[in-house]
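In what follows, a single structure is set out as structure tokens and then discussed.
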Amino acid sequence: MGLTGIQIMQKLPKTNCGDCGFPTCLAFAMKVAAGQVEIDKCPHVDPAVKEEIAEASAPPIRTVVLGSGEHQVKLGGETVLFRHEKRFENPTAVGVRVATDMAEEEVSRRLSAFKRCRWERVGVQLEPQMVAVEDAGSGKEAFVSLVKRVREELPEAVLVLMSGDPEALSGACDLCGEHRPLLYAATLDNFKELGELAKEKKAALAVKGENLGETARISEELLKMGLKDLVLDTGAQSVRELYEDQVIVRRAAIKKRFKPFGFPTITFPYRYARDFLSEAILAAVLIPKYAGAVVLSDFRPDVLFPLFVERMNIFTDPQKPLVVEEGIYPINGPDENSPVLITCNFALTYFIVSGEVEGSRVPSWLLIKDTEGLSVLTAWAAGKFGADTIAEFVKKCGIAEKVKHRKLIIPGYLAGIKGELEDELPDWEIVIGPREASGLPAFLKEWKAA
Amino acid sequence: LPEDLYKDPGTAYIREVEIGKGAKAFKVGGTNVLPFHLFEGEMRHPPRIAMEVLDVKPEDWPESLTKYFAEVLGDPAAWAKKCVEVYGAEAVCVYLLGTDPNYLNLDAKHAREVVEKVASAVEVPLIIWGAGHAEKDVEVLREVAEVVGDRGAVIGPVEEANHRTLGATAMGYGLPVVASSPIDVNLAKQLNILLENVGVSLDKILMDPSIGALGYGLEYTYSVMERIRLAALYAQDDKLQVPFVCNVGREVWKTKEAGLPSDETLGDQEIRGILMEAITSVALALAGGDLFIMRHPKAIELTKTIISGLMQQS
Ligand code: B12
Ligand code: SF4
């Protein structure tokens, strides 16, 4: 992608002054080419060259930044078609729609759902990002005041401002101030006017064509006008078309560097669905398959939670599993009589197991063995969580000094290694725990009684 | 829009594997493109869903799932019948959980009886899924194959450890097999090669990549399946040109979140579980899944709705 390190080096001052933090211009250039450092870090490079290099080394799907301050959301920035090739960069932004023709309590319900639908899982924050405010033809006043309300109640939400009336959009933009919104949408009829408006207000601009071809055409015109931050709605008419459009846009941008499609997309699953669950399952297709943003008609925790978990799964880095550090983790204030459990250092496993132990309220010692981020059975199968390595760890970690008893609880899935582990750890009694961590609270309560 | 801007169909086809025999039989596979890329090629058959029936009464299913089968749990034949007649199942997977030596260790005779009853209760294709214990499965599936030999059924899981014996059994009756390997491109390929070496044709293999549920390793399976499918379609890796079977229900319904009660924080238990199962299947369908084994009738309905949406003739 883009320029090579050597090509970039040719354009640098070649003084090897070191102000960029690298010993030589070449070293710096290599990092820029690899996308690990911004060209801005060299204070001496010619602005025109800077522009050129930034352009060439930019991801084929532009990163569009919305919002402000700590409440920024990035859309796009993607460089691959498949997550195993690199990783997907910016998780699909999920938003909820409110409109000027909605009853007051319908709006309130959505805004409060926006606040409530957030969870932490495996140390990752799961939360919504956007509110799409739609002008349903009730006039500029109504639109602007709804935008004002959303801004006040949900300062963290980035906004999609949806209106056919440039006046209304302009008014709403002024209200947003620094908080950069996405204006929806430039069509074949109004793109000049909206393009100018977006430029003036420094807002991002959505493009909505009747189909892919028209979307490309409008996008191209706006590029010519000098707009940089576009978001695409391809105007799909059916579920199938919507999916195919996502694939086509992403492919053309990444494989052919087709500029008009080099932007994140925005999608509205409710336009294609009969009910909320069908809408949600369509969103579940759009998250892995390339939507930059998904706007839902409503928010419910039982629906958003699974969708957010899917998004987290798809957007994790496939090259490095999340890990926690090896060691002894005291939970609920354990003492010398508290149970000792052992598990692996795969973050997912750790969070599930420690969550259950914590929930049990039983003071416990949780031993975490480094398994290079592999789950219990995966690590066992890979030879990183067998009797020999577990025994070695138990001996050296120092748990023997912390407890008087010698009972070690192992995961139920490792029942098969009990005998072997007892041979390796003759002082210890090996207790087989439940298979699923959800069985731990009941199990630990009994352990205590015993 | 010029077509060369975005069209890039595969250069090979995934084989078609016939599931079942007779009027209710169907095929899976037969595509030359990535899932639902219908703008550049064809999917001769949509992904299909089999409903799962257990040989013994399930102990740990949440009520949000058991309520659909309340009066038939523990009676596999009635259970299978209900799946077909009430929930429109196109295939039934009998999971012989009770034969697991680490669980009830029921014998092959039990398995045979269960399968016999189910086979006479429904006409749709059957998948007979052993306990996943390499040795015991050989014993059990041999017995079962005798019963389903004529009507046809997919049997499995066949692993590297028992591929010779189970491969021979399957060939003896002309049955397709589920070839299970732990989420790895090379291991999946190797098992297919091993099976071919003992005489099982690739037209009789469904690959089971060992799936992880939503939130429990889904992303690993997703990417391994994508890589296998890319190798099959674009790199002429003919040993991988085989459809996938994904055993989704059991992975999803054992997760904590599917079992947590309804509350303010996570909403309705049943809706949450339905979506977890449907999303797992849909994500894996996008990665290449051809045949899914699922449990909740509404999750199945939802999955079917989106599949038909994605495959709609334009
Ligand atoms: C995702 C996955 C992978 C990922 C790795 C993910 C990771 N970071 O570990 C990848 C693709 C890399 C992988 C690779 C392999 N895998 Co793998 N993998 C899986 C899969 C699909 C899910 C594992 C997972 O993430 N589970 C979720 C976590 C949270 O589960 P967990 O750690 O077990 O924790 C649960 C319980 O054990 C319990 N628990 C945990 N700790 C404790 C502690 C106590 C005290 C108690 C009481 C309970 C408890 O609570 C947790 C939640 O309930 C499983 C199949 C499956 N569906 O389970 C196969 C599986 C684990 N893999 C398997 C194998 C064989 C392998 C490989 C060896 C294959 C190979 N040769 O290449 C490799 C080894 C890796 C290596 N580097 O060499 C086999 C293991 C077979 C066996 N029975 O031993 C499995 C079961 C698949 C199968 N059916 O064959 N794998
Ligand atoms: S700051 Fe610029 S000129 Fe100085 S070494 Fe770095 S790249 Fe070269």
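From the backbone N, Cα and C atoms, a Cβ is placed for every residue, glycine too.
A:ALA437 is the residue from A:ALA283, A:ALA284, A:ALA291, A:ALA437 that TrEMBL records in the 5-methoxybenzimidazolylcob(I)amide site together with A:THR343, A:THR349, A:GLY373, A:LEU374, A:SER375, A:VAL376. All protein chains considered, the CB of A:LEU374 (5-methoxybenzimidazolylcob(I)amide binding site) has 20 other CB atoms within 10 Å. Using a cut-off of under 8 A between C-beta atoms, the binding-site residues A:CYS17, A:CYS25, A:LEU374, A:SER375, A:VAL376 that neighbour chain B are A:SER375.
Non-local contacts of A:CYS17 ([4Fe-4S] cluster binding site) by the CB criterion (under 8 A, 6+ apart in sequence, same chain) comprise A:HIS44. Along the domain '4Fe-4S' (A:1-59), the predicted structure has mean pLDDT 87. Among the binding-site residues A:CYS42, A:THR349, A:SER375, A:VAL376, the residues whose Cβ sits under 6 Å from any atom of ligand 2 are A:CYS42.
Residue environment of A:CYS42 ([4Fe-4S] cluster binding site) contains 23 other Cβ atoms, counted within 10 Å of its Cβ in all protein chains. Ranking the binding-site residues A:CYS20, A:CYS25, A:CYS42 by Cα distance from A:SER375 (5-methoxybenzimidazolylcob(I)amide binding site) puts A:CYS20 first. Listed binding-site residues: A:THR343, A:THR349; maximum Cβ neighbour count within 10 Å falls on A:THR343. With a CB cut-off of under 6 A applied against ligand 1, the binding-site residues A:CYS17, A:CYS42, A:THR343 are reduced to A:THR343.
Looking only at the binding-site residues A:CYS20, A:CYS25, A:CYS42, the one with its C-alpha closest to A:VAL376 (5-methoxybenzimidazolylcob(I)amide binding site) is A:CYS20.
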